[in-house]
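Chemist: Submitted below is the structure of interest, expressed as structure tokens.
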Amino acid sequence: MADLPQKVSNLSINNKENGGDGGKSSYVPPHLRSRGKPSFERSTPKQEDKVTGGDFFRRAGRQTGNNGGFFGFSKERNGGTSANYNRGGSSNYKSSGNRWVNGKHIPGPKNAKLEAELFGVHEDPDYHSSGIKFDNYDDIPVDASGKDVPEPILDFSSPPLDELLMENIKLASFTKPTPVQKYSIPIVTKGRDLMACAQTGSGKTGGFLFPLFTELFRSGPSPVPEKAQSFYSRKGYPSALVLAPTRELATQIFEEARKFTYRSWVRPCVVYGGAPIGNQMREVDRGCDLLVATPGRLNDLLERGKVSLANIKYLVLDEADRMLDMGFEPQIRHIVEECDMPSVENRQTLMFSATFPVDIQHLARDFLDNYIFLSVGRVGSTSENITQRILYVDDMDKKSALLDLLSAEHKGLTLIFVETKRMADQLTDFLIMQNFKATAIHGDRTQAERERALSAFKANVADILVATAVAARGLDIPNVTHVINYDLPSDIDDYVHRIGRTGRAGNTGVATSFFNSNNQNIVKGLMEILNEANQEVPTFLSDLSRQNSRGGRTRGGGGFFNSRNNGSRDYRKHGGNGSFGSTRPRNTGTSNWGSIGGGFRNDNEKNGYGNSNASWW
């Protein structure tokens, strides 16, 4: 992969050595440049290798065994926990060998098969991992502000972490905490609320799961309220709730939770839209100690009386900015302020976000109490461990240029972003016809198809994933070595999030983007990002930047280097109202910042609980 930048450095059709004339000539693939007339002939795959897009999804689906798009796992798949709950709330709690007896946590027996499923087998030739280069985290800046900020930890140790959790962390091959984990673990174990500004890929999931599980393992299950349910009307009483904007992110958090609750009494569950709600209700009814949910589906379960939030000790809002961007603020406020969740003083609240604009600051002021603000520098999004290449390619030449890239060096997993669902399907079929193992994910796919596609990609059954913006944020696929922006987004923030899918966990990666005249609105933003990460700036991009500057053109997309950049600071220190620990009066009604019909996204018509037909629900 290190040679890829050199191999593709001459792909720009502005390069006159390749027959270009400053951007006007048609793109000529390298393997045809010696011929008189450029043409492109599609190779014909062997009959035994020919797979249509639909066939590939069905083949990938047989690899996963998901139940109707919902992770309805057996007791073994859930780390050994089963439904042997003592619903009366006594001191004895048993779950398939994992027990809480007389105030003591007794871990369950080891299960070699389940360990291999959860943590992988490193000796297996089909096991693919680029590893976590923890040393690359050492220079990441961290700023913590607030009253009495605890000292950060330097390594995983007990205390503060639980001994069983330490064993599971070791099984996951985590050797030392990332910067966000060094600070968040002592903050949460000290009982403080937390507002953390951290990018996806910084280890933030472990940053809230590790201390949360430590406290749950030590404190045990909460008793179910007396007369709260009868035999004919059962209800889930989770101790911890994690809200996430998309079903993809929710399932990823759930999968991580399965790892770190292995052999414990804690049983995680996940609920989200687009999957049969009956299956999810049955899973919750079997026992749910940690609930990972999207706001729309959780509101549905609350309305049906299948979930109670009365026992919530820990509330986590992951990718809070994304949830507000998607219009989820009314649903979130309904869950937190209008249901039976304990008040802010009687629960611990953790909020994680890549950015903290004003609306997120307001949400934190309402939901958090005397919180600590944590700002962690970027890991992977625009850092030097990602080699960024911007190639000038007209729309009509993109398929040829893509084949050049994939033929130059195609190792590991490649994630290709396109702007439309139709293009995702068309490009996937095109790649399959060229004998590439490709699959796609976008909003028009059923939930079962999306899960099968992701499972096939993660397992390297398909090593190319074509995706729309639904996969631009939150997806945690650690082995992606190459991100290709087949279509560049119109917002520079989206570019940052997309290329952050590679170079994860301190690893190196390559991000290649096809640029043409349709993308001039993000020229300034691209220049800033490339310069910030010490990347080579193409000549054509510099020329366009100078032309736009003379013409008074402003950078499109806004946000990242303007108003949103201010959100990475603690507003209590930088012009905010009040001092550390101050809170404004709690909002007891409907949000004043957005209508019930859509929060901050007026272009989406939906009711206060979300549109069940929306692809993001």
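Heads up, the Cβ atoms here are built off N, Cα and C, so glycines get one too.
According to Swiss-Prot, the protein carries these features:
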| type | residues | note |
| --- | --- | --- |
| BINDING | A198, Q199, T200, G201, S202, G203, K204, T205 | ATP binding site |
| COMPBIAS | 7-17 | compositional bias 'Polar residues' |
| COMPBIAS | 38-58 | compositional bias 'Basic and acidic residues' |
| COMPBIAS | 79-90 | compositional bias 'Polar residues' |
| COMPBIAS | 580-594 | compositional bias 'Polar residues' |
| DOMAIN | 185-374 | domain 'Helicase ATP-binding' |
| DOMAIN | 385-545 | domain 'Helicase C-terminal' |
| REGION | 1-90 | region 'Disordered' |
| REGION | 542-617 | region 'Disordered' |
| MOTIF | 318-321 | motif 'DEAD box' |
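So that I understand the layout, could you describe where these features sit and how close they are to other parts?
Modeler: In three-state terms derived from DSSP, G203 (ATP binding site) belongs to neither a helical nor a strand segment and is classed as coil.
Taken as a whole, the domain 'Helicase ATP-binding' (185-374) shows an average pLDDT of 90 in this prediction.
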Chemist: If you count other CB atoms within 10 A of each CB, which of S202, T205 wins among these binding-site residues?
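Modeler: Neighbour-count leader: S202.
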Chemist: With DSSP, how much of the motif 'DEAD box' (318-321) is helix, how much strand and how much coil, in residues?
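Modeler: Computed counts for the motif 'DEAD box' (318-321) are 2 helix, 0 strand, 2 coil.
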